[in-house]
């Protein structure tokens with residue numbers, strides 16, 4: 001059956017691919033934040049495991065191709081590995097259910113190792129599944145066409161590529177929104193089970209859709225795997241060359257010619273062409289090392305930024321959508337506008353030059369990321385190091401106050417109802433504080449635990465100076481753009497404080513509540529109950545990633561007066577500043593990725609496409625392993641320096657590649673094929689002549 005001149009079975013395959021890519025990219029988009037916030041891993045471990053997972057996803061296709069070509073055939077491979085995949089997605093979704101081990105219902109898992117174990121099992125199954133399917137689906141689609149449908153087949157591959165991008169685009173927008181929802185049975189937190197569950201459901205849909213079409217597919221029997229033949233041929237050539245290493249054996253034109261005793265000329269000729277291309281692949285992994293950090297380092301960079309786009313609030317993991325959106329726009333634009341313009345300028349923009357330009361652009365994208373990171377670092381708070389303490393002072397009284405940090409370390413003046421920033425001291429040196437306000441003075445002897453922040457509340461009262469030292473217990477900037485809020489009661493009576501839906505409980509006079517997390521970017525109503533009389537006001541908007549102390553200063557029947565003191569400044573660098581680096585990296589992808597595969601296929605016979613695809617995917621896997629090695633070995637404390645390091649490495653590799661490309665001579669597989677056939681004909685004629693002469697001689701006898 002056909003439809004618009006296409007085999008009907010194609011539509012099932014395209015829908016299947018769309019769902020599978022949606023499932024994969026959706027899960028991948030929220031993965032690094034799941035590691036960081038749910039499994040509570042630090043940035044470096046999260047990045048390492050993320051890249052290990054991606055490397056696995058690109059190593060397993062080689063396995064998938066072997067299974068399909070040598071044993072099960074493409075159809076059975078896709079079905080059986082899709083089942084593995086769906087189970088993997090489901091296990092990962094279950095691993096993110098907080099209530100699974102949260103017996104004390106405090107909103108964080110009691111036994112994290114259960115979640116980690118489930119998550120790792122899920123990810124391994126997903127890597128097996130996605131990798132096993134990847135090389136089979138597109139080839140299986142290609143199998144559906146007859147030989148005369150060349151035009152439709154080409155168009156199918158572009159529709160297929162579009163469905164990949166559509167799937168990844170939609171899922172990168174949708175899954176982070178799902179993740180940002182609040183859900184849970186006993187306590188509410190970020191909804192990772194939904195963010196992983198929807199991809200799992202779509203994978204199940206993909207599987208069902210694919211199986212429904214079963215009747216219509218053209219199923220080609222497994223033909224044996226070309227990779228195995230190529231590997232054997234290379235292995236035999238090396239062994240044979242080694243056996244004949246002494247001087248008396250004549251040299252051969254190419255080391256692969258040593259395989260001619262056992263393998264036919266055509267396979268040897270094809271293998272030579274493939275190796276020539278694979279040799280050019282050696283520098284390529286460095287590009288992927290940078291490219292795949294969009295989902296790890298760049299997403300973590302976005303968590304320290306301000307995602308407020310006016311009406312909408314962008315989640316850090318949604319910034320990754322900039323890439324697929326730009327791809328959808330740029331691939332046609334570059335083909336229709338940029339390349340023709342370059343051609344008009346009489347520049348010969350060969351495929352290898354395009355790849356070199358792609359590498360250079362990716363390197364520049366990381367320079368942009370480093371510049372941005374340096375700007376972000378300026379806005380990040382400095383916390384006390386080992387052996388240090390920090391103190392900030394809030395003046396709760398109506399007179400100015402002077403605080404001297406003794407012995408003679410520093411003197412600070414604070415106006416009424418004002419506060420200072422944090423002042424840093426060596427813990428061992430600071431012994432006491434002498435405070436004067438109005439005409440009174442007081443001395444407070446202090447012993448600090450070290451490595452912490454403290455707030456000193458100072459108030460000049462009728463009976464003397466009151467000085468309360470509060471312990472701040474905040475050691476890092478609030479994550480995910482949340483805010484930390486606490487209240488200080490500057491009234492003579494005990495009060496009860498609520499903000500939004502969160503109760504801060506009872507706060508005694510001149511003491512403070514604990515810090516509580518609030519979602520960023522919104523205003524909440526503050527209600528204070530004093531002697532069972534409520535008073536209320538609406539809070540200011542707190543930005544993203546800040547911490548504030550709110551002083552309750554006055555509460556009469558209708559009026560609530562509060563003073564805001566900023567403990568940690570909000571994220572001030574806007575997420576939109578990430579767009580330039582995404583734009584440059586997408587330009588790089590367009591000239592690099594699209595060209596790379598086209599070039600490979602143009603330089604080798606069609607029978608070798610599987611080997612080249614395996615090689616190409618291998619460069620992605622190796623690239624992700626490079627991230628592990630560089631990030632692990634560099635031990636750079638500054639994130640911007642790591643970006644510069646990656647940019648420098650890629651630039652160096654780019655120069656090496658440019659030299660390699662300069663010495664490369666392009667081949668035409670069809671010409672070589674024609675030569676081989678020509679030789680075969682000659683050989684055939686020769687054999688025929690010898691045979692005829694032999695017959696003639698025999699007849700004379």
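The backbone N, Cα and C atoms fix where each Cβ goes, glycine too.
Those TrEMBL annotations? Automatic predictions, nothing curated.
Remember, it's a predicted structure, so these values are computed and weren't measured experimentally.
According to TrEMBL, the protein carries these features:
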- 678-701: region 'Disordered' (REGION)
- 48-68: transmembrane segment (TRANSMEM)
- 75-94: transmembrane segment (TRANSMEM)
- 114-133: transmembrane segment (TRANSMEM)
- 154-174: transmembrane segment (TRANSMEM)
- 194-213: transmembrane segment (TRANSMEM)
- 273-291: transmembrane segment (TRANSMEM)
- 325-342: transmembrane segment (TRANSMEM)
- 354-372: transmembrane segment (TRANSMEM)
- 610-631: transmembrane segment (TRANSMEM)
- 643-664: transmembrane segment (TRANSMEM)
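According to DSSP, the secondary structure content of the region 'Disordered' (678-701) in residues is 23 helix, 0 strand, 1 coil.
Residues 265 of the same chain sit 6 or more residues outside the region 'Disordered' (678-701) yet have a Cβ under 8 Å from a Cβ within it.
Between the transmembrane segment (194-213) and the stretches 75-94, 114-133, 154-174, 325-342, it is 75-94 that has the most C-beta pairs under 8 angstroms. Per-stretch counts of Cβ pairs under 8 Å to the transmembrane segment (643-664) identify 610-631 as the leading one among 75-94, 114-133, 154-174, 325-342, 610-631.
In summary, the transmembrane segment (273-291) does not lie against the transmembrane segment (114-133): fewer than three C-beta pairs, each 6 or more positions apart in sequence, are under 8 Å. Panel annotation: around the transmembrane segment (610-631), residues 44, 47-48, 51-52, 54-59, 61-62, 65, 69, 134-135, 139, 225-227, 230, 274, 277-278, 281, 284-289, 291-293, 296, 596-597, 600-601, 604, 642, 645-646, 649 of the same chain, lying at least six beyond its termini, place a Cβ under 8 Å from a Cβ of the stretch. Tertiary proximity for the transmembrane segment (325-342) is limited to same-chain residues at least six positions away from its ends with a CB under 8 Å from its CB atoms, namely 162, 165-166, 169, 349, 582-583, 586-587, 589-591, 594. Sequence-distant contacts of the transmembrane segment (154-174) (same chain, six or more residues past either end, CB-CB distance under 8 Å): 6, 10, 13-15, 17-26, 29, 138, 141-142, 145, 198-199, 317-318, 320-321, 324-325, 327-328. Within the chain, the transmembrane segment (75-94) has long-range Cβ neighbours (under 8 A, six or more residues past its boundaries) at 20, 23, 27, 64, 67-68, 100, 118-119, 121-130, 132-133, 136-137, 140, 193, 196-197, 199-200, 203-204, 206-207, 210-211, 214, 217, 219.
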